[in-house]
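Report on one structure; see the data block that follows.
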Amino acid sequence: MNENLFTSFITPTMMGIPVVLLILALPTLLFPSPNRLINNRVISMQQWSTNLILKQMMATHSPKGQTWSLMLISLIIFIGATNLLSLLPHSFAPTTQLSMNLGMAIPLWAGTVAVGLRHKTKTSLAHLLPQGTPTPLIPMLVIIETISLLIQPVALAVRLTANITAGHMLMHSAGSTTLTLMSISPMAASISFTILILLTTLEFAVALIQAYVFTLLISLYLHDNT
């Protein structure tokens with residue numbers, strides 16, 4: 001376990017040079033491109049899960065929205081693999097950085113909005129004003145809906161950052177407590193260790209769920225604009 005609670009959130013460097021790009025490129029090594037006629041079980045499982053997620057996510061999209069399939073499936077694989085790798089001991093968690101999550105959320109959100117304004121201009125602008133709004137409330141509701149639209153990428157990034165950060169801090173606290181209690185009360189240490197195992201199992205689920213939620217919300221924004 002790391003001694004410092006915030007060690008896993010500090011950008012790692014090597015000889016004074018940030019190595020974030022190498023860390024972000026690491027998940028791509030876990031998903032090799034198939035080059036054989038008959039794949040092994042690992043690649044077959046990857047392809048099966050990828051097709052299942054893609055089919056479930058893009059089933060309600062129009063042909064124009066389905067052109068985003070490759071981008072969305074790449075996004076969910078990247079976030080999921082990065083979240084899982086960050087659960088390793090003494091590892092760096094890129095998705096705990098708000099700047100990185102905003103860097104993913106803002107361009108994708110802006111792309112969906114741009115697609116809507118280009119192909120469904122009237123429908124996209126109609127979302128800013130609910131039907132049947134009284135005339136005196138029109139300016140206020142337009143401002144509120146505009147703010148609600150602009151805050152969508154921030155909500156995406158903050159949700160992912162908060163969930164991953166909270167999970168890592170809980171695991172670190174449970175691990176530190178277990179190490180401290182080992183020399184004081186073995187019974188209490190065993191209970192704390194059991195809690196740590198349960199938290200770790202929960203974090204595995206949270207890592208995959210948050211990747212799915214992030215991508216699904218982008219998919220919903222795309223669906224509303226295509």
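Placed from the backbone N, Cα and C atoms, the Cβ positions cover glycine too.
Feature annotation from TrEMBL assigns transmembrane segment to 12-31 (among others).
Sequence annotations record features per position, and here TrEMBL assigns transmembrane segment to 67-88 (among others).
Counting same-chain residues at least six beyond the ends of the transmembrane segment (100-117), those with a Cβ under 8 angstroms from any Cβ of the stretch are 64, 71, 75, 79, 94, 123-125, 149, 152-154, 156-158, 160-161, 214, 218, 221-222, 224-226. According to TrEMBL, the feature transmembrane segment maps to 100-117 (among others).
The transmembrane segment annotation in TrEMBL covers 137-158 (among others).
Residues or ranges marked as transmembrane segment by TrEMBL: 179-198 (among others).
Tertiary neighbourhood of the transmembrane segment (204-222): same-chain residues 53, 57-58, 61, 65, 68, 72, 75-77, 79-80, 83-84, 86-87, 95, 104-105, 108-109, 112-113, 115, 152, 156, 159-160, 163-164, 167, selected by CB-CB distance under 8 Å and a gap of 6+ residues from either end. The transmembrane segment annotation in TrEMBL covers 204-222 (among others).
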